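J.: First the structure, then my questions, so here it is.
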């Protein structure tokens, strides 16, 4: 509840929705919405908000300040804006006071958090149909993937090579003996070593027979 945090300023969701709907205002420049939830952000969030999870904000707050210290108003929120949102706003305020930032920022918390927002605007066509503009944050790359700022949280996994399309035959020749090796085979290196040994031994036996024939 707002009364539990007298040192902070709270705003109503209606005030925030005015910012979101105002086409003359640019998110990330004229205002900033900071969602401090974790996985919940991926499912639903206020349009145009960035994600700085509260669990890692102590480490990433400097990145947040460095990137958005010119924004005049910063709005924090979490699920209900009772703990994570207010605590994050307070942490940000304290960190900002220690930085050499000349301009003043209005730091507030959205009352009711995303739950309150969703209850009021879930059926708002303009909000539900609006595409969330995910503000790219350079700190997203500097921090670990677990502290993803904006949910473009990329979990790309490397794929094994296609055995049909990506195999490359390695050919080598010893004394006119040609051998094909598939490096993609798990035993490719061993096969190559065995093949070389076999070639050498075969040719040595051949030379030995030739020598015996000449001597005999």
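Each Cβ is built from the backbone N, Cα and C atoms, and glycine gets one as well.
What TrEMBL says about a protein is an automatic prediction, not a curated fact.
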J.: With TrEMBL as the source, identify the stretch among 125-167, 168-210 annotated region 'Disordered'.
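T.: It is 125-167 that TrEMBL annotates as region 'Disordered'.
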J.: Average pLDDT across the domain 'Rhodanese' (27-126)?
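T.: Over the domain 'Rhodanese' (27-126), the predicted model scores a mean pLDDT of 95.
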